[in-house]
Amino acid sequence: MMNVHPVKGPVATGGERPHEADHPTSLVASFGADQPLRLDCGVDLAPFQIAYQTYGTLNADKSNAILVCHALTMDQHIANVHPITGKPGGWLTLVGPGKPIDTDRYFVICSNVIGSCMGSTGPASTNPATGKVWGLDFPVITIPDMVRAQAMLVDRLGIDKLFCVVGGSMGGMQVLQWSVAYPERVFSAMPIACATRHSAQNIAFHELGRQAVMADPDWAHGRYVETGAHPHRGLAVARMAAHITYLSDAALHRKFGRRMQDRELPTFSFDADFQVESYLRYQGSSFVERFDANSYLYLTRAMDYFDIAADHHGVLAAAFRGTQTRFCVVSFTSDWLFPTPESRAIVHALNAGGARVSFAEVETDKGHDAFLLDEPEFIDIARAFLHSAATARGLDKAGR
């Protein structure tokens, strides 16, 4: 049996972010010039590295591995203290001892996606050919590129077939891509709050964020690391705009309403008079301490390009035809970023392709981010699906 634990290290500050890009506080799988990653844009990326975390114990026949695919601005630190923020892991509602993704039962892997900034090769990494940060010289990547890199990592770990692939939002897109690109390697899959392609509205929101970043003079055409001035203002605005889409009108009303921030009367200025304004400003300012602006451009573009049906003559069901993977598709009633009809389209395509699929629409007012929050119905659904799949896979409560 192989027992692998996450690497622990000191909590970093925002100023150490470039160090995480090349030398992450994580496990690292390095791939040399003889193991290139073929990208959809036609470039062979080599050498490159993947930063990842693992939790739990891989059983003797390597049949209890779960791959968790993270969302856009998350990373591999889903169940351990984050090395930059010092905050708890990003998905502790779902991952950990006794949780639905039970680390006492399963061997859990989460890798930082290619193109991000927490240790996997991306625009914030050093280009070995120049000795400088890649910046916009880094090739444009796609969701399939991310999944191919993950498959290389899974190969490196000696795992032929994953018990389950789980993820929400951009992570859910990766789950769907895994099930299409490597159906024989995925026993079960749980795509959450996602779609098989990005809508025009979501592309528009992403373009708004990208333009905010690129309009910041400190962006310097992507060469801000060389100038020493980072486009924090533009990236903060991008984060503020995106964060609104992760919530719902009901959630904002319940949490903030029109309540004032530390005052009883308006200031008749452009200060943050309302609590919701102060909250958004905090979301923007805290985000820039842990995320790279160019990575934000690259990952949002990857989501925009995602379209499973495009590679199957526009017929989505053809992508899933003959799959033996067991699916559980989950949506949330107040999610207007990836509304329930998007999930129903996935279910219809899976049904047409002859797949085994269950579907759950969770009643909640928490919006898109509900999949990351303490949402009891969703947690119960995840637990039940994984337990059922584990029984079908022949895994006992100890993951053997």
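First residue shown is number 1, and so on along the chain.
Even glycines carry a Cβ here, placed using N, Cα and C.
Swiss-Prot lists region 'Disordered' for one of the ranges 1-22, 111-132, namely 1-22. Around the Cβ of His368 (active site), the same chain contributes Ser169, Ala193, Thr245, Tyr246, Leu247, Ser248, Phe332, Asp335, Trp336, Leu337, Phe338, each under 8 angstroms and 6 or more positions distant in sequence. Annotation for the recorded positions Asp335, Asp369: lowest Cβ count within 10 Å of the residue's own Cβ, Asp369. If you take the C-beta of Arg239 (substrate binding site) and look for same-chain residues 6 or more apart in sequence within under 8 angstroms, you find Thr73, Gly209, Gln283, Gly284, Phe287, Val288, Phe291.
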